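**Student:** Sharing the record's features from TrEMBL:
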type: BINDING; residues: A:Lys11, A:Gly12, A:Gly13, A:Val14, A:Gly15, A:Lys16, A:Thr17, A:Thr18; note: ATP binding site
type: DOMAIN; residues: A:5-225; note: domain 'CobQ/CobB/MinD/ParA nucleotide binding'
Amino acid sequence: MSKVLVVTSGKGGVGKTTSTAAIGAALASCGEKVVVVDFDVGLRNLDLVMGAERRVVFDLISVVQGNAKLAQALIRDKRVENLSLLAASQTRDKDALTEEGVARVIAELREKFDWVICDSPAGIERGATLAMRHADLAVVVTNPEVSSVRDSDRIIGLLDSKTEKAERGERMEKHLLLTRFDPIRAARGDMLSKEDVLEILSIPLLGIIPESQEVLRASNMGAPVTLNSPMSAPARAYMDAARRLKGESVEIAVPTERKTLLNKLFGRRAAA
Amino acid sequence: MKRIQSSPPRRSPVNRRLAPTRRPLADVRKAEVAALFAELWEQSLKSDGLRRVESLRRAEALASKAGAEEATVAAGDVAPCLFIDRPVRSGQSIRFPEGSVTIFGSVSSGAEIVAGGSIHVYGALRGRAFAGFGGDSGARIICSSLDPELLVINGLYTTADEIAASLRNKPAQVRVDGQAMSVTALD
Ligand SMILES: Nc1ncnc2c1ncn2[C@@H]1O[C@H](COP(=O)(O)OP(=O)(O)O)[C@@H](O)[C@H]1O
Ligand SMILES: [Mg+2]
C-alpha cells in the first residue's frame, strides 16, 4: 500500500529539503520503493542535495503539463536502487502547476512506489497547499525557536483543513520532526525545549535531528546525509525517524553534547 | 485597562497594522484594538438582522467547517454553544457571535476566538479572545492556562503585559467588574 508523505513547515530554511532527501534515502535503503518529489518550483534544490542537478531533463511541470511522460522525468538514484527523484523546474512559473495535473501525477506515482515524499516550498501559498493536497501523512519540520513553531502551528491548521483527507472528514496523520537541535544552546536555555515545542504543537514526535556540520558537508557532496555519512549523529537520527515512519517502535534519543578529544584540548564543545 | 467606544468608530483600513510612528505604545495598541473591534463589529452587524434559525444554520456550517465530528452545536432555548474538539491553530479564527464557544484544546498564539457569550478553553489560551461580543458584559473567559495576546469582553480589553506574572500560565477566569476587567486565578 503506497503512502504519500508531505514534508512541510511554513518557514523556510528549517530543513525540509534536507529531511526529504535523508528520509527518502533511509527508507529506500530499507528496501522500500521511494520517490522524492520537489514542489519548490523556482527554487529547486532537492536535485542538488540528491546530487542529480546535471541529470534533470524533464521535471514535475513537464509531466503536469503533459510535455513528458512520468517515466522520462523520473531520475533514478545512482547509489540506492529503489530511490527516484522527480525534480522541480527552476525556470518555469509556479502557476504552471495545476491542481488536476498534480492529482494525476500523484496518482500515477502511487502505483509505482511505496513512498511518495513531497518536499514542500516555504510559505502557506499555493505551492505549499498543492504539495500537501494529496498527502496521507505529514512530517512537520520545526526548529526549536518561536517563529518556526508558530509557522508550523499554522501549517498544521492547513493540513487539517486544506487537504483532500481533511475535506473527506478524515484525520491527517501528522508527525513532528525537530531539526537543527543544538544541545549546547538547549542546555543554556537559548532555544525552546523539546517539551515546549511538543506542548505548543501537540502532535507526536517523530525524531530530533541535531545541528551538525555533517549536514552541510553532505549537501555540498550532493548526497543525502543518511548516505554520505551514515554513522553520523544526524544520519542515525534520520534513520530512526524513517524506521518509525515504517511503523517500527524505536526509542527517541535526545541529542546531548559530547566532548571530542580534540575539542576538549581546545576547550570547545561540539554536538555529538 | 481601557474602554473602547461601544459604538465603534468608522474603520479606517490603514489602522489594522501598527504604524511606524513614535506614538507611545499604549496609544498605538489602543488604536489597533479599536480598529480590530470595529472590523469585527461591522462583520457581526451584517448578521444581526438574521433569525435565530439562520444563526443556527451558520453555527452548523461553522461546525462542519471546523471538521465534522470535531465541532458540534448545542442549541438550548437561550443561546447556542459551539464546541470545538481540537486545538485552534495560529491563523485560524473561530467566530460565533450567536453564543458561547468551548474549546477542548489550546488556542495558539496568532489564533482568535470571537464569541457572543463566554469563552471556555480547556487548554492554554495563547491567542486573542473576544467574549461578550455584541454587548454582553456578563460574559467571561475561562481557561486552563492563561497566556493570551489580547483579552476583550464587550469592548473592555487587557493585554498580556497588564496581567500579573503570578496569574500567567495557570488556570484563570477573566470577567468584567464594574468598569474594569478582573483576572483571577482558578484553583
Ligand atoms: N541538522 C542540521 N544541521 C546543520 N545544518 C542544517 C541542518 N538541517 C538543515 N541544515 C542547513 O540549513 C539550510 C536549510 O536547509 P533546507 O533543508 O534547504 O531547508 P528548507 O528546505 O526547509 O528551506 C541548509 O543550508 C542546510 O544544509
Ligand atoms: Mg527546501
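Even glycines carry a Cβ here, placed using N, Cα and C.
Unlike curated entries, TrEMBL annotations are predicted automatically.
Mind mapping these onto the model and telling me what they sit next to?
**Tutor:** Around the Cβ of A:Gly13 (ATP binding site), 11 further Cβ atoms fall within 10 Å across all displayed protein chains. Under DSSP, A:Gly13 (ATP binding site) is assigned to coil, being neither helix nor strand in the three-state scheme.
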**Student:** When a 10 Å sphere is centred on the Cβ of A:Thr17 (ATP binding site), how many other Cβ atoms does it contain?
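**Tutor:** A 10 Å sphere around the Cβ of A:Thr17 (ATP binding site) contains 27 other Cβ atoms.
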**Student:** If you average the pLDDT over the domain 'CobQ/CobB/MinD/ParA nucleotide binding' (A:5-225), what number do you get?
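**Tutor:** Value for the domain 'CobQ/CobB/MinD/ParA nucleotide binding' (A:5-225), mean pLDDT as a whole number: 94.
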**Student:** Would you find the one among the binding-site residues A:Gly12, A:Gly15 whose Cβ has the most company, meaning other Cβ atoms within 10 Å?
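**Tutor:** For the binding-site residues A:Gly12, A:Gly15, the Cβ with the most other Cβ atoms within 10 Å is A:Gly15.
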**Student:** Just checking, which of A:Lys11, A:Val14, A:Lys16, A:Thr18 (binding-site residues) has the fewest C-beta atoms within 10 Å of its C-beta?
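**Tutor:** Selected from the binding-site residues A:Lys11, A:Val14, A:Lys16, A:Thr18 on minimum Cβ neighbours within 10 Å: A:Lys11.
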